[in-house]
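Structure first, then comments.
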Amino acid sequence: MMMMKWIISILTMSIMPVLAYSSSIFRFHSEDVELCYGHLYFDRIYNVVNIKYNPHIPYRYNFINRTLTVDELDDNVFFTHGYFLKHKYGSLNPSLIVSLSGNLKYNDIQCSVNVSCLIKNLATSTSTILTSKHKTYSLHRSTCITIIGYDSIIWYKDINDKYNDIYDFTAICMLIASTLIVTIYVFKKIKMNS
């Protein structure tokens, strides 16, 4: 009975790195998409464009830095809002880069917004792109408040990442080695008992 507990615990420990790696990608794909949602405030008073974006940052992240660029051409406003986040209980290095960019077109009564959001997870080398096209909102007293929602979501794993390949190889080698050790140990115990 004691031997069976040892076998189960060793196999569990050998499988954990593989499960942790795949679950982190799944967790990123399902939960971190909420980082792209929030409210976008557009205000145009006295020919000055003011854009304010309040992103939704979950409790599990700490905010590091933010950038905002705004360009205007006729009735079009182009903006890019980027921010860097890290996991609260992770390393000091940023683990997520979120970049929200878009085109806002306005007239006297309404504004139309095209928005795309890129989430780059540096820990798992995965990226998610969310896009939204031609959402129209009413313009009230030169202010347009948009609630950002998306039409399509594309998720992909970065191809040129050499560290994940090394990690995958190491995890598989650990799994094979621990399985061989347990198998040899079990055969020796069976041989000694017979």
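Glycine residues also receive a Cβ, built from the backbone N, Cα and C atoms like all the rest.
The annotation signal peptide is assigned in Swiss-Prot to 1-22 on the grounds of sequence analysis.
Looking at the topological domain 'Extracellular' (23-165) alone, the prediction's average pLDDT is 75. According to Swiss-Prot, the topological domain 'Extracellular' annotation covers 23-165.
Among the features that Swiss-Prot reports, N-linked glycosylation site is placed at Asn65 (among others), with the record citing sequence analysis. Under 8 Å, Cβ to Cβ, and six or more positions away along its own chain, Asn65 (N-linked glycosylation site) finds Tyr83, Phe84. Secondary structure from DSSP puts Asn65 (N-linked glycosylation site) in a beta strand.
Look at Swiss-Prot and you will find Asn114 (among others) tagged as N-linked glycosylation site, backed by sequence analysis. Of all Cβ atoms in the shown protein chains, 15 besides its own fall within 10 Å of the Cβ of Asn114 (N-linked glycosylation site).
Annotated transmembrane segment per Swiss-Prot: 166-186, in sequence order.
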